[in-house]
Each structure stands twice: as structure tokens, then as C-alpha cells.
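Colleague: Have a look at this one.
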């Protein structure tokens with residue numbers, strides 16, 4: 001007889017624990033809520049390792065490309081810090097420092113021999129969500145039943161990052177099914193936020209959020225079908241981009257509901273700065289991903305698009321819409337203040353900022369929730385049941401008892417509803433263009449109704465998922481931190497719905513004190529260059545920008 | 001009680017007949033097989049009308065933009081010639097010359113007042129397939145049950161062409177369901193080829209093929225999900241492009257199986273020259289269609305892409321793959337000769353031409369045939385049954401008795417199969433790039449296994465539909481005409497399948513003598529600029545190019 005799911009999971013945890021060398025083990029785990037300062041205060045990292053891991057990806061690749069740093073040293077530093085991240089936040093599914101160091105040595109040898117880098121990411125360690133297939137490594141995606149299979153073929157993006165010179169050393173944790181904006185599964189349990197263990201790291205790319213937030217990785221790669229890149233970015237005070245579908249290669253990634261194409265999951269980076277995000281995107285585009293993945297649009301980086309926005313920035317000429325509430329669920333006071341901070345900063349710098357009326361976001365949220373469950377959850381339940389493990393409580397709403405598999409002709413109706421909604425939204429944008437006499441450049445909005453949330457409290461995905469339905473480009477910008485002295489409980493709000501009430505009642509100024517607050521900067525479809533340039537400027541105005 | 005379907009169809013025919021003014025009626029229909037010379041020999045068109053309708057779209061818009069021609073004269077000339085086309089080939093569903101002339105007069109007044117054109121297509125009549133919604137006009141798409149409803153909202157492309165200055169005067173015939181490469185329905189019957197009434201005009205944009213072939217329109221707009229732009233182009237010795245999905249706006253078009261997104265139908269022009277096709281595409285892109293239709297990629301015309309190919313042309317530096325057979329069904333001798341003519345012309349001009357091995361086209365054909373029927377044909381049968389009309393015999397293969405509606409999870413599997421096939425095809429292209437040491441520029445192939453086909457004989461869609469599954473850009477180039485003295489029956493072929501045998505046995509050198517033969521020039525996804533430039537050069541080398 002086979003093992004029970006508990007035995008398989010326990011075995012995996014034991015195997016994972018063994019991947020951390022004895023000299024990187026933390027003898028006594030800290031008891032503080034925040035572990036963000038641990039690398040500096042514990043003495044476990046050398047000064048050089050602290051400097052490397054405290055740097056930026058742009059700086060690191062510049063030094064690696066000049067031979068001022070060796071990949072093996074950079075890789076060693078991040079492996080060590082990632083080992084700490086794992087012990088402190090439980091954010092790892094796969095850890096393979098030896099393979100990584102071997103890869104780094106090869107790249108150093110290449111550099112020596114060719115007197116130059118192999119590609120734009122030469123020698124840079126990059127952290128991957130446990131959806132990426134990496135040769136010789138398991139991909140469990142949080143399903144017990146997936147354990148024990150070692151990948152032979154790699155994801156297209158794995159291959160292209162490798163070609164660009166990236167080093168792989170870790171695959172980070174995800175929630176069972178991926179359909180949750182927190183990170184918990186029956187294999188490793190829960191991943192926590194390095195800023196406060198009582199807060200979620202977000203999800204589904206939550207392991208990336210915790211890892212990059214802790215600087216166990218300089219940048220990480222996540223995926224997003226309803227906020228899964230953007231929520232972990234927001235909850236860890238990081239930048240993150242949800243590119244539009246077709247910009248980055250998703251081929252050969254593992255997934256739940258693989259083949260579901262009504263709303264596409266997309267892949268994108270999470271990092272400490274827009275400059276690092278740009279480095280990631282330009283490096284991937286440099287490899288011409290459209291020659292490997294048929295879904296990628298043949299669109300190299302458009303420097304002219306970035307420059308067009310930057311010249312507007314000089315003259316204070318941006319047209320920025322904003323909304324504080326989507327009309328469904330009112331954000332908590334810190335998030336409303338976050339939007340206000342961005343609006344004020346932009347206005348102060350001469351930009352044209354005006355309210356944007358969210359168009360039928362209630363309709364959109366219902367529509368996309370239906371799409372997530374269009375096979376009656378058959379696919380995810382198959383993977384859950386295969387091992388006998390229980391479904392995590394967080395997907396209760398996804399598995400609501402009335403869901404049914406959608407009939408083909410009903411699916412086609414849903415496709416039309418989605419398309420019509422998108423077309424109507426474009427019409428609203430054109431109306432605004434006409435009113436302005438020039439083009440609206442972006443919309444600033446909450447990405448979550450809450451700051452980094454307490455465990456098991458993430459309930460409302462609409463701020464993120466409506467943008468997925470529209471397939472707009474969205475960049476998360478870290479703004480501020482919840483402050484119990486400023487962000488008082490909102491007692492005057494009349495809830496629009498049970499969900500609104502439930503979310504609002506979760507706010508507690510003390511519990512959320514210090515929790516990261518972010519906004520998303522939303523651009524039209526496939527406007528990554530423009531939207532990133534605006535996000536970078538907002539970060540700069542707020543003083544939250546790392547510009548190397 | 002309502003009318004029978006026969007009564008509704010008869011009423012429609014009577015209403016359609018009345019749209020042709022008495023002075024444009026042909027008193028005695030010619031008995032010859034070909035009606036191509038009728039406009040010139042009948043004396044019904046004036047010398048100026050013959051000159052206008054014998055011109056090119058590029059020339060006409062140039063003269064209209066300079067005020068050297070009035071839209072009302074150009075419109076009148078095409079309306080008149082279209083009326084002849086209708087009487088001779090039965091290619092019209094909707095004809096509205098009065099509305100068109102009113103629109104033309106408005107445009108002339110605009111020109112007078114503003115001393116210039118309203119847009120890049122100022123005053124040019126454009127023929128539309130009966131899938132376009134035009135205000136105040138019926139859209140039957142060949143279904144009796146759709147008759148009697150007059151459109152209030154227009155297709156996005158209708159709107160944008162209007163903004164660019166196009167004049168609408170006619171909507172052309174399609175087969176019932178659109179899923180056929182001939183043109184026959186229970187409302188108007190069969191549309192025939194102006195070059196020979198015994199041949200099909202192709203389908204499903206067959207009315208466009210006949211209309212533009214007859215020069216009742218200078219350019220027409222069709223749609224293609226399995227050859228429906230390219231087959232009518234081929235059968236009428238015209239150029240036609242199947243752009244990749246996302247290049248041209250399809251929003252708000254009528255369709256069978258609306259909402260089916262596993263393989264997207266696309267919209268594109270049929271014309272007498274690549275220059276006219278380019279005029280169409282650049283004019284639509286000029287209107288920024290991505291601001292109206294969410295499925296359109298924000299990709300303006302890339303002149304640098306066109307120029308890159310043109311500079312290769314100067315040096316004979318093209319890399320061209322070709323195949324004569326897809327391995328499933330051997331083309332008729334005239335088609336094989338057509339491919340050879342193109343290969344020889346390219347080689348003679350110093351280009352690098354080499355065989356391309358079709359990769360799993362048998363698999364692709366099976367896969368896409370399944371996709372066409374993925375709702376068990378419920379949608380099309382609903383529209384057929386709504387009036388009681390019978391299904392046309394040509395869709396017998398689509399309605400095969402074993403088809404079943406596909407389950408959601410099976411559909412997701414199909415999506416993965418399609419994506420994998422596309423990725424494997426890209427890998428084959430990369431292999432070829434590596435072998436060549438530079439990029440393969442295009443593949444030349446048959447578009448149909450036959451020259452313009454005899455009625456009810458179109459059976460094998462694979463040459464066209466495989467390209468739809470790959471979502472590659474494909475441009476049809478007219479090559480030559482079947483010749484009974486050269487294209488002898490192939491008696492030595494051992495059929496690979498029943499379909500192969502059936503198609504081959506249809507060849508008859510006498511019956512096909514003079515029938516148009518074409519090839520398709522295939523480029524990667526979203527390479528319209530490059531692929532058109534190559535198609536233009538091939539046409540030039542063959543002497544089949546109209547370069548204004």
C-alpha cells in the first residue's frame with residue numbers, strides 16, 4: 001500500500017529540511033513578530049553577503065557583467081539568506097543551493113573564458129514560484145498528489161531566463177490550488193509575512209512575496225490570474241507587475257485548471273524597484289519569447305513608449321484617473337489614505353488627477369468568479385482527492401455547493417459577456433479621452449481592500465480580479481504603512497453588501513499597525529513600458545523608489 | 001401564423017431584386033460560362049465607369065483625396081457594376097445604392113467644405129461580407145431565421161472604416177453556417193464564379209470573391225476561420241490576407257458559434273493587389289482599433305518590418321521554405337505546378353528556397369475539425385432549425401452523426417493540445433533558423449488542393465485550416481491558371497486516405513481548364529508587414545502584380 005497523504009507531506013518536509021546546510025541553520029528562532037532585521041542582527045551573514053543581498057538586481061548584473069562580482073559569491077549570498085527566509089517564514093517548496101552554485105561556477109568560467117557575460121542576467125540568482133518547471137526538481141504546487149515527480153522538461157521561461165544567464169536556487173511556496181491570495185497548503189503549512197508573522201505574505205505567489213521581501217531573492221517570478229503577483233507585492237512593500245496576456249511566455253508552466261483560457265493567468269516579476277522589473281522584462285524580451293511560445297506577441301521592449309511617458313513627466317502632463325472604492329467593498333482606512341497620498345503627490349507635481357468611476361465592477365467580479373469555477377472545480381478537486389488530503393479552508397468560497405460545470409454554449413456566452421464588458425470599458429476610456437482632449441495615461445486604485453492582511457481573512461479579490469478580466473497592465477507600487485494613530489476605524493460606513501461588511505469589520509488599527517499599503521497603477525492592454533514608467537515616477541514622488 | 005421558410009426566403013429574394021434600379025437590369029442574361037468580360041462588352045457601363053472600376057483602390061483614394069474624382073461618381077460606378085455582378089453571379093445579400101450615394105454626397109460635401117479628405121479611405125466604396133453589421137440593414141448570414149431584423153448597432157470595423165471615409169453599398173453572400181468553402185444557402189441559392197459559372201467562387205467569403213473578382217468592388221472584407229478569406233481569393237485570382245488574431249477588430253460582427261474562442265475567426269481584405277491590401281490595413285490601424293476592440297493588439301503598421309524584408313529582396317536574400325503536399329491530400333496537378341512556378345521564380349532571383357516538411361498536419365486537421373464541432377453543432381443547428389429550413393448538403397461532414405458536445409475539462413485538454421502543437425511548430429521553425437544560420441522568412445504552400453473548384457466538390461480544408469490552428473499570417477497570391485495541355489491527370493498517385501483519393505479523382509483537365517491557381521505565403525504570428533511584402537514580390541516576379 002502507498003503512504004498516506006500525511007506521510008507523503010511529512011517526508012517532503014523532512015527532505016526539504018535536509019536541503020539547508022547545517023552552517024545555515026538558525027539555532028534559536030526569534031520570537032519577535034518581525035524577522036526583517038534578522039539577517040543584519042543575527043550575525044549569520046557576512047558584511048559582503050549583506051551588501052550583495054541588500055543591493056539591486058540592476059547593480060548586481062552591472063557588476064557581474066564587468067567581472068567586479070562573481071556569480072558564485074552572489075549565489076552563495078542569496079542561497080544563505082534564502083535559507084534564513086525559509087526557516088523564518090516557511091516560504092520554500094524546493095531549495096537546491098548545490099545545483100545553483102554549480103551553475104554559478106559554470107557562468108563564472110564562461111565569463112573568464114569569453115571575457116564577458118553570457119546574457120543580460122549573467123550570474124544573477126532569481127527566485128521562482130513553484131509553478132515553474134526546472135529540470136530535476138519537483139513541482140508540487142501545493143498538491144500532495146503531485147509530489148515525487150521530478151521534471152524533465154523545463155518551462156519556456158525557465159529556459160529563456162537560463163539563456164539570459166539567470167541562476168536558479170529555489171522554488172517558493174504557493175497555496176493549494178493557487179486560487180487564494182494567502183499561502184497555505186497541506187505540505188508545508190503556512191507561509192508568513194517577514195514583517196509580521198501574524199500577517200499573510202499574500203498569495204498565490206506568496207512564497208515569492210516573503211522571499212523577495214526578506215531579500216532572500218533580489219527578484220522573484222510569480223503568476224497572476226486574480227491578484228497572485230500583485231497581492232504578495234503589496235503585502236510585502238514591493239513592486240510587481242501583472243503584464244497583459246501575451247507579453248511574457250507562460251508555456252510549459254504547471255497550473256491548476258491547465259488549458260482554461262477564458263481568463264489567462266500571466267507571469268511577471270516581483271522586485272524592489274521598477275528598474276529591476278524593467279531589467280527582468282527587457283532580458284526576457286531580448287530572448288524573443290515569441291519564437292518559443294505561440295501565445296507571446298512579437299513585441300520587443302518599446303523604448304519610445306517609455307520615453308513618451310517620461311517626457312510627459314517632465315512637464316507635469318500626466319492624465320491620471322483614480323478610485324478609492326470599486327463600489328463593491330470599501331477599503332480599510334490605511335488603503336484609502338494610500339490612494340490619497342498618491343493623488344496628492346501627483347497633483348502637487350502638476351499632473352492632472354481626476355476621479356474615475358469604476359464601470360460595472362460588481363458585474364465583473366461575478367463574471368470572473370464564475371469563470372474560475374467553470375468546470376465545477378473538477379480539475380482542482382481531482383488533484384486534491386488524488387492523495388486524500390483535505391481542501392484548505394481558504395477555498396471554501398470557490399467550492400460553494402451550487403457550482404456546476406458550465407456547458408460549452410454557456411461558456412461561449414460567457415466569452416461574449418467578457419468581450420462586451422471589455423469593449424464597454426474601452427468606450428468609457430475613450431469618453432474620458434474625449435473629455436480630457438488627450439489620452440488618459442493610467443488609473444490609480446487599491447489592489448486589495450486591506451493592508452497586509454491577518455491570516456485567513458482574505459475574502460475579496462475584486463480589486464485585483466477585475467483587472468484580470470480586462471487584461472489591463474497593472475503595476476503595484478508600495479505606498480505607506482498602516483498607522484493606528486492616523487487610520488482610525490471607520491464607524492460611519494453603511495455596508496453595500498455582506499462582503500463589504502465582513503471586510504470592513506476586519507479592520508483593527510492595532511493589529512494592522514505597520515502593515516504595508518500599496519496601490520496599483522493600471523494601464524491599457526499591453527502598455528507595460530508606459531505603465532511601469534508612471535509607477536516608477538509615483539514611487540519616486542513618494543520616496544519609495546530605488547533608482548540605481 | 002408565421003410564414004414558411006420558403007416564403008420568407010422568396011420574400012427576401014423579391015426584396016433584393018427590387019433594390020436594383022430598372023436601368024441597371026440586364027435584359028438578356030448571357031449564356032457563356034464566363035461573365036468576366038460582360039461589363040466591357042455589354043455597353044451598360046460608360047467609359048468612365050469602366051475606368052473607375054478597372055482602377056486600383058490606391059489610385060482611387062489618391063484621386064479622391066486630391067479632388068480629381070468625386071465619391072458620388074466612384075460610388076455610382078461600383079454600385080452599377082455590383083448590380084451586374086449580382087445578376088450574373090448571385091453574390092449579394094444586401095444592396096443599398098441609395099444609402100451609399102447619399103453617404104458619398106456627404107463625403108463630397110465634406111471635401112468641398114474642408115478642402116480635403118475625411119480619412120485615408122475618403123469616398124472609397126468597400127464591399128462587406130454579410131457578417132458585418134451596418135445600421136438599418138439586415139444581417140442574415142445565410143440563415144432564414146435571421147431575416148427581418150435590421151441592425152441598430154454597427155460592427156466595430158464598420159464604424160472604423162466609416163471614420164476612415166469608406167462608403168458602404170453592398171453586403172455579399174455567404175454559405176449557411178459560414179463553415180463551408182463554397183457559397184450556397186437556402187435564401188438566395190448559389191453564388192458562382194464570374195470566370196466560369198461551373199466553378200465555385202469559394203467560401204465562406206464567396207460573395208466577396210465573386211464581387212471583387214468581377215470588380216463590382218475594388219476591395220472586399222471577409223473573415224477566415226478555416227480558409228474563408230483565402231479560398232475565395234484563390235478561386236478568383238485575387239490577393240487576400242488572413243491576418244493573425246488580434247491584428248484587425250472583429251468586435252460586434254455577426255457569427256455562427258459566437259463566443260467560440262478556441263480558434264478565432266479573423267477579418268481581412270480581399271483585393272487585386274498587395275498595395276490595396278496594405279491600404280486597407282494601414283487605414284484601419286490609423287484609427288487605433290485597439291481602443292475599440294479589446295482583442296486587438298496595440299500594434300500600428302510597422303514600416304520598419306516591411307522595409308527589412310524589402311532590403312532583403314534587393315539582395316536576393318530571402319529564406320523561403322515550401323511544400324507541395326501536406327502529406328494528407330495531394331493537390332491537383334495545376335496546384336503543384338503553381339507551387340513550382342513560385343519556387344522557380346524565387347530561385348531564379350537568387351533567393352534561398354528549400355523544402356519545408358509539414359509538421360503533423362494530419363494531427364492539426366483532426367484537432368481543428370473537432371474544435372469546429374465542439375458544441376456538437378448545437379449553435380448552428382439552433383439557427384437552422386429556427387426557421388425549419390434544411391441544412392445545406394455541404395455541411396454533411398461537419399454534422400457527422402458521432403459528434404458530441406465537448407465537456408469543459410476536455411475543452412481545456414484541447415486548448416493544451418493546440419498550444420503544444422503551436423509550440424512544437426515554433427521549435428521546427430527555430431531548428432530551420434539554426435540550420436540556415438538566419439531566420440526563415442516565410443513558407444510557400446498550396447491553399448487548396450484544387451484550382452477554383454466545381455460545385456459541391458470542396459471537401460478538404462486542411463491546407464487552409466492548419467494555418468488557422470497555428471494562427472500564422474497567411475497571404476494568398478494568384479499564380480496561374482489550370483491548363484489542360486500541361487496539367488495532365490496524375491495516374492501514378494497512391495492515395496494516403498479516402499479523402500486523398502476522393503480529392504484526386506475529382507481532377508479533370510478539361511473541366512478545370514482556365515481555373516485560377518494560387519499559393520499562400522505563410523509567415524509567423526502577427527507578421528503582416530513582412531508577409532505582405534514577400535507576397536507582393538512573388539506577385540511581381542510572376543507578373544501578377546498590380547503596382548500602382
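Quick reminder: no glycine exception, Cβ is built from N, Cα and C everywhere.
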Colleague: Per TrEMBL, which one of B:161, B:178 shares the substrate site with B:204, B:225, B:226, B:227, B:228?
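Modeller: Matched candidate out of B:161, B:178, per TrEMBL for substrate with B:204, B:225, B:226, B:227, B:228: B:178.
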Colleague: Would you list, in sequence order, the residues of this chain other than B:178, B:204, B:225, B:226, B:227, B:228 that have their CB within 8 A of the centroid of the site's CB atoms, where the site is the one recorded for substrate?
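Modeller: Filtered neighbour residues, in order: B:179, B:180, B:181, B:203, B:205, B:223, B:224, B:229, B:231, B:265, B:464.
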Colleague: Have a look at the binding-site residues (B:178, B:225) and report the one with the fewest Cβ neighbours inside 10 Å.
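Modeller: Result for the binding-site residues B:178, B:225: minimum number of other Cβ atoms within 10 Å at B:225.
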Colleague: Which of the recorded positions listed here (B:204, B:225, B:227) have a Cα atom within 10 Å of the Cα of residue B:129 (active site, charge relay system)?
Modeller: B:204
Colleague: Show which residues of the chain containing residue B:204 (active site, charge relay system), separated from it by at least 6 in sequence, have their CB under 8 Å from its CB.
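Modeller: Spatial neighbours, sequence-distant, of residue B:204 (active site, charge relay system): B:129, B:174, B:175, B:178, B:179, B:180, B:181, B:183, B:222, B:223, B:228.
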Colleague: Could you tally the C-beta atoms, other than its own, that fall within 10 angstroms of the C-beta of residue B:228 (active site, acyl-ester intermediate)?
Modeller: 35
Colleague: Hey, what's the widest CA-to-CA gap across B:178, B:204, B:225, B:226, B:227, B:228, the substrate contacts in the record, in Å?
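Modeller: The widest Cα-Cα gap among those binding residues is 11 Å.
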Colleague: On the 0 to 100 scale, where does the mean pLDDT of the domain 'Amidase' (B:73-532) fall?
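Modeller: Mean model confidence (pLDDT) across the domain 'Amidase' (B:73-532) is 97.
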Colleague: Output the one of B:226, B:227 that, of all these binding-site residues, has the highest number of other Cβ atoms within 10 Å of its Cβ.
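Modeller: Result for the most crowded candidate: B:227.
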